[in-house]
Ligand code: SF4
Ligand code: SF4
């Protein structure tokens, strides 16, 4: 059937086989069991958080947004419950990204593609869409039959297809809708959306995310994991022989025989495998593969085949976990008749955990100790110093004050530097000439031009450190910054 | 499929493409059809893009695209939008009196920002980008002003300039006492040393203070005033302070007295709109030396 071709006769343009492959449609069967329950639970949790979080309120006082989680782009603020982040604090997001990446690595080194199988949005929504499909069109067998007789578009069949797509569209539309709610006050935006008063960009985003959710989860499904997502390739490079992966235990499963035959052979005291070749594990697989062929790129390690096989094993009275989470080393060891070993604590996981703890700890510490009053000082570079007519020396600074709190503050500015130096802020001399005081409105920054003048004598050095203190007159909170006072 | 044409790989159960490198044969793993279709669609998209947007370079121009899109036109629109956005503030600037601008923090910030930009474009060549000046070009950060340092005086200087030829320009110059033969060389040396003594600088050997005072009273007081305190009406500098436009050493002073000085500040009226000139005055005043 396969005629060998002499390689010498080939040129590089000779290409045998198809240019493309038609996709094999997967009809996963419903399954019950431990991992299915975990998946339902995680789906409910993830989607629940995603869909409803924008509606959670958080009282931050008058004039401030009362949404618990809000990305306020126009005002460059990010609110997360009691935390309010400013643009200059984006390093928290960097930290968050680092932690997220390392958590992913840790998950991978402990349990392979747990992310793919249980938490990835693509998996979660596809799973939900499958549930809808099953609900409308029936389980695996029904769906296969219905697709085979696709020519017979009865009214019933058409209404099924319409209903399925309609429900999908509703879910997808809410996925897009929930997304935009994170960027604006949710109840207000919902009202605006319903009355067609919302900004165009909201509708555009809802449209884009509705379309992508609908197409990716409804129609592309496992193709996204196999052909679009880079993570399977990356994780293959990250994983090691200790990582737990969904594995078919050859040593126990082979040789495959029917239940009857197995019983017969066992009666004769012969060695037979537990696998009865019932194909249940293949039927339930959302990526349509046969895990008994060994680890495969397509496998998202959702564990559904474990549930399927466990059910079979229970029914035929054999021990569970013919398919289970196992590692490469144990496959080897079992075949050699040695006891399996598992090791979760190993250098790799220790390092990952340490990084997570360190970065997380630093973030928590800085978050807990960050000040709500801040001052930045920038020395004038051109000129660095000015000689005044009476011979005294003046340096100018641009001072930026940040009031991150939710109330207006009266701030006094002092400069500790050259002896007998005077401080002056351009524009406010009339109020308090010696110790300039200004008001910074809540949740805002003010930029001031500050002049420090030192008498001609008494400053023999070329450069003297000068420390600026800004004091909240009401609360006594102090922030400071250091710069230099330079002679011409 | 067309597996029968190629070789069959017994391990994977797949056909090969027939390609072999170092004994390793390439399995035929075709792309999914939707992938290939998507790929073709991107090609179609690219062709459409060439037609719709400017794309292909020609010898001296490029294909324009049927949409008539041009980033230059976009820029013009954006600049116009910026002007409109600024317009409000500029009108406010024009309508507010100089003193009141400094009392309104928002307007002050805008005036300073606007002033800084315009200063960089127009004034920096002489006064330096930070207004620190240079020899012959006044430092605008200090508190010494030839023509006065109040907001109004600064504004007037910017508007009409000095010796700029504008009808309302500041006039007045340092005469060339040596060149014109008014003072003799030894008198010039004496008065130069006298001027140095006014601001507490050291004087040369054998300097006759009384003689210097006499020469000064006869020739210089008219402009520089009694005691050399200067006169902003005439742009005559204060000779008792520590700031020297051209330099305070003896040689420079002798040169100044002999040759005279008449630096020119151009008039900006007509070249910049009134609101911008106001912004510049506010900016210069807020540099810290304004009275
Ligand atoms: S082989 Fe098993 S674990 Fe892997 S994707 Fe299929 S059902 Fe999930
Ligand atoms: S479900 Fe279990 S018994 Fe059935 S074919 Fe798969 S591995 Fe074998």
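Cβ coordinates are placed from backbone N, Cα and C, and glycine is handled just like the others.
Of all ranges given (A:90-107, A:108-125, A:126-143), TrEMBL attaches the label transmembrane segment to A:90-107.
Listed ranges A:40-58, A:59-77, A:230-248; the one TrEMBL annotates as transmembrane segment is A:40-58. In TrEMBL, the transmembrane segment annotation falls on A:350-368 of the listed ranges A:293-311, A:312-330, A:331-349, A:350-368. Of the candidate ranges A:202-220, A:259-277, A:373-391, TrEMBL annotates residues A:202-220 with the feature transmembrane segment. Using a Cβ-Cβ cut-off under 8 Å and counting only residues 6 or more beyond its ends in the same chain, the transmembrane segment (A:202-220) has close neighbours at 122, 125-126, 128-129, 165, 168-169, 171-173, 175-177, 179-180, 184, 189, 192-193, 228.
Counting same-chain residues at least six beyond the ends of the domain '4Fe-4S ferredoxin-type' (A:265-294), those with a Cβ under 8 angstroms from any Cβ of the stretch are 24, 26-31, 126-127, 130, 140, 221-222, 225-226, 246-248, 252-259, 300, 302, 304-305, 307-309, 311-313, 316, 318-319, 322-323.
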